[in-house]
């Protein structure tokens, strides 16, 4: 089999490339996906409110685990990644957050990445998006990604939590992806107008599937990339459970879109990576690149949970006897509790004036439950997810063998820098101040977690070590740039070889301020134009917020009360 392009991974980036490259009728594309189809009749991946289910089990989830994390009580921590058409957009929380404008301006300040500024990237965010309330300077109206905005009559806890954030002295913003990310406000989500998950399989592949120049093979696990000298010429993969070896050849390029965990694995198995690691595993060296698998970053988060004095939370939706009605309304009408991911409000703040742009993110949820659906509190409640955005901690990914079925060694090295501890202590204390504001007086009951007795630095640190979780945002493990640890250039081309690019979240040089899916799609849209030889979209001229000397917060309406004294 021979194609112009072979794409490894039908995820958030790979599906974008497959759709855009096959717009050229004379180009042939093979799309390889290790998982199966995105079964449209499986409510677990299609119903937004069922987002916890795909993380349970291994049908749609690679279910990686980290090595024991030394600063987290040596816990082996979850590292879920999507498996199937759509990749992690098939199992994520559907929060449509692009990051802060300053993230991209920081990227553009790095050598070789000058065209990755916010105003360079904004046109590609707009190209990818169709927002339900229409386009403007920041949002698109004709893209494959369906973006739904929260409606005014949604759960009152969303409005109360945003109001409480403002009363605590932080800004309000009407659009976390618009002029000003900083502040509290409504949170957009990747959900269709009919209440279905808007994965990249639904948005991009559905457009491309009818084209004769696209071939999609599922249950195809990539073993390694093939080379002739320094040129990538094809892919060796295993088909199905039997593991029958297959080979496909690429006339032009191999495009690696495996994500931040799989892409460095595949490069290392293919002979591209740290020379000492490859030598130890008897993998023939094609190109020594010490940065492959290094610079690994993620977002860590915690939940602060509270009981709710009024029966307005989503707790009844967790009871089995209420779920058939919810499912029927969603299935036939695309409405109701099932049609939302229930992350409809949140925010970004600076915990201290020293930060140039937000370093803390909030997701508000009108129920008290773990992200993966476990440990639901058996009463009406709500919670704030809170975590730091740009931790200085760095991890790494290393293959353990040549076997493509063996999971790699993953170490994020969470909380390995003193700044991490300062930020998380600040985050807990600030959250308590927010929850103490008058807007939540009608709803706020007792603090369930961490609990009123957790107050000192040592007590907070113990809670963080035991309870902080991944936000499922691994990135930066094949970073772009031109320094000695960079893996790809600003167009995704792997240094030192020809005919090979990496296009996914792994090429971010630094993690962004927020959820990764929207930015991963943007990266693929931008590089797709490069691959096709298209003129880049014209830079935006939209104005955007820069904090400058603006204080991180103003005086709160109510200064923090002792946790035991909440009304």
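In case you wondered, yes, glycine gets a Cβ from its N, Cα and C as well.
Here's what Swiss-Prot has on this protein:
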BINDING   4-33  FAD binding site
ACT_SITE  473  active site, proton acceptor
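Around the Cβ of residue 28 (FAD binding site), a 10 Å sphere holds 22 further Cβ atoms from the protein chains shown. On its own chain, residue 32 (FAD binding site) has 6, 7, 8, 9, 10, 217, 220, 222, 235, 237, 248 as residues at least 6 apart in sequence with a Cβ closer than 8 Å to its own Cβ. Counting in whole angstrom, residue 20 (FAD binding site) lies 25 from the residue listed as 'active site, proton acceptor' by their C-alpha atoms. Under the DSSP three-state reduction, residue 20 (FAD binding site) is assigned to helix.
Residue 24 (FAD binding site) is surrounded by 14 other CB atoms, counting those within 10 A of its CB over all protein chains shown. Taking the C-alpha atom of residue 473 (active site, proton acceptor) as reference, the shortest distance to any of the binding-site residues 4, 12, 16, 24 belongs to 12. Cβ-based neighbour count (10 Å, all protein chains) for residue 12 (FAD binding site) stands at 31. Packing around residue 16 (FAD binding site) is summarised by its Cβ count: 31 other Cβ atoms lie within 10 angstroms of its Cβ, all protein chains included. Cβ neighbour count for residue 20 (FAD binding site): 23 (other Cβ atoms within 10 Å of its Cβ, all protein chains included).
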